[in-house]
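Student: Can you read through this structure? Questions will come right after.
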Amino acid sequence: MWTGYKILIFSYLTTEIWMEKQYLSQREVDLEAYFTRNHTVLQGTRFKRAIFQGQYCRNFGCCEDRDDGCVTEFYAANALCYCDKFCDRENSDCCPDYKSFCREEKEWPPHTQPWYPEGCFKDGQHYEEGSVIKENCNSCTCSGQQWKCSQHVCLVRSELIEQVNKGDYGWTAQNYSQFWGMTLEDGFKFRLGTLPPSPMLLSMNEMTASLPATTDLPEFFVASYKWPGWTHGPLDQKNCAASWAFSTASVAADRIAIQSKGRYTANLSPQNLISCCAKNRHGCNSGSIDRAWWYLRKRGLVSHACYPLFKDQNATNNGCAMASRSDGRGKRHATKPCPNNVEKSNRIYQCSPPYRVSSNETEIMKEIMQNGPVQAIMQVREDFFHYKTGIYRHVTSTNKESEKYRKLQTHAVKLTGWGTLRGAQGQKEKFWIAANSWGKSWGENGYFRILRGVNESDIEKLIIAAWGQLTSSDEP
């Protein structure tokens, strides 16, 4: 019996000793974690700890023996420090002023609640009251030790990117730095810019290409392959809402180069349109494609090299830097030198009246293959800004406040070809190849693919083209 009691007592004492060691070692574990983020402090002596200035124990109070509640924020290391006697060991986790205050003062102030400085913290950094920082498209102000942020819907939204990339939609989304910090409203206001088509434009009779109905259309076609060096890549409209000007100038330049069989291959100037298309001109605040084509026919454009894009789009308010006059024989000539004085050629390029191509998929393909790229007026929604690669189709936001996150607006692009791919399930997926005007860092080197034959985003609803206005001396 006595032997059993001794075993029981021994087991109890062993357990108590083990628990005490575990308890005492906990601060050691915390200490290791505490100093992992600041290795210089871990290796340092008491002298190194002294380089941090501030009142910690002096504000918080000192504690006898061990007191794990005797702790306060150590802001310089973005961690915690202690003001009890237990902290003063070989690897000290004491606050910087422990030795100068707790050891020297004979009477310690009473133990108080942790002291926190005025202001706010963000990612370990301290900000004073009234500081303002940006969180994507929202401004946050430090007020009463809390961040108070505006509640705008941002153009770049991580949850929408994640939704697209996790879903089986056939395309992938990306966070673009040029869109970061913009609200959804700003994106639609500054990155599109084509006004809805006028009734006159929509009432135009559709024309069909002269290719025979039995023409065998290839599965894959790209205009730049058929006419190398005669078509033009995407430019970047930046925050100038003028897709109406960029798409019109690009389609016209391609058509003139193809029609002249490579004699005139200059890209035409969208800035010329933005600054000079005077009647009802909105410039970088949107415009109409019918007015753009009117200007090309009546006044003409110079090359992009002659009239390049302004770095500061507010400069468009200074008016038109180019003018032309008729020679009485159907041609117009510039009356001013190029705004870019390095470029000497100020030749004026003109087009015939625009015509509407049939919305039939096959007819659009025939037109592109026979005469060159065409202009398409599409409807852009919020997910399109995130497009990186694949065959685009609109993905509806699953956000609970979905209406707040949805917008729809007109945009003008250039269709340059088409193709077909096998989908994940083995089915055929047809697509158009289109050039956007958001620079080559967006999408597939400035281009995008979009579902073909189903009028995705109204891409096939309104197709516009034109002929170059060439005199007999211009033609090859």
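Don't overthink the numbers, they just go from 1 along the chain as shown.
Cβ from N, Cα, C; glycine included.
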Student: Going by Swiss-Prot, point out which residue in ASN175, ASN267 is annotated as N-linked glycosylation site.
Tutor: ASN175
Student: Please name the cysteine among CYS81, CYS83, CYS94 that Swiss-Prot pairs with CYS87 through a disulfide bond.
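Tutor: Checking Swiss-Prot, the candidate bonded to CYS87 through a disulfide is CYS94.
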Student: Non-local Cβ contacts of CYS81 (disulfide bond) (under 8 Å, 6 or more apart, same chain)?
Tutor: TYR56, VAL71, THR72, GLU73, PHE74, CYS87, ASP93, CYS94, CYS95, PRO96, TYR98
Student: Give me the count of other Cβ atoms within 10 A of the Cβ belonging to CYS87 (disulfide bond).
Tutor: 23
Student: By CA-CA distance, flag whichever of CYS63, CYS70, CYS102, ASN360, ASN455 among the recorded positions is nearest to ASN175 (N-linked glycosylation site).
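Tutor: Sorting the recorded positions by distance from ASN175 (N-linked glycosylation site), the top entry is ASN455.
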Student: Over all shown protein chains, what is the count of other CB atoms within 10 A of the CB belonging to ASN360 (N-linked glycosylation site)?
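Tutor: The answer is 14.
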Student: What subset of the recorded positions CYS102, ASN360, ASN455 lies within 10 angstroms of CYS70 (disulfide bond) at the C-alpha level?
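Tutor: Checking Cα-Cα distances against CYS70 (disulfide bond), none of the recorded positions falls within 10 Å.
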Student: What number of additional C-beta atoms lies within 10 angstroms of the C-beta atom of ASN455 (N-linked glycosylation site)?
Tutor: 13
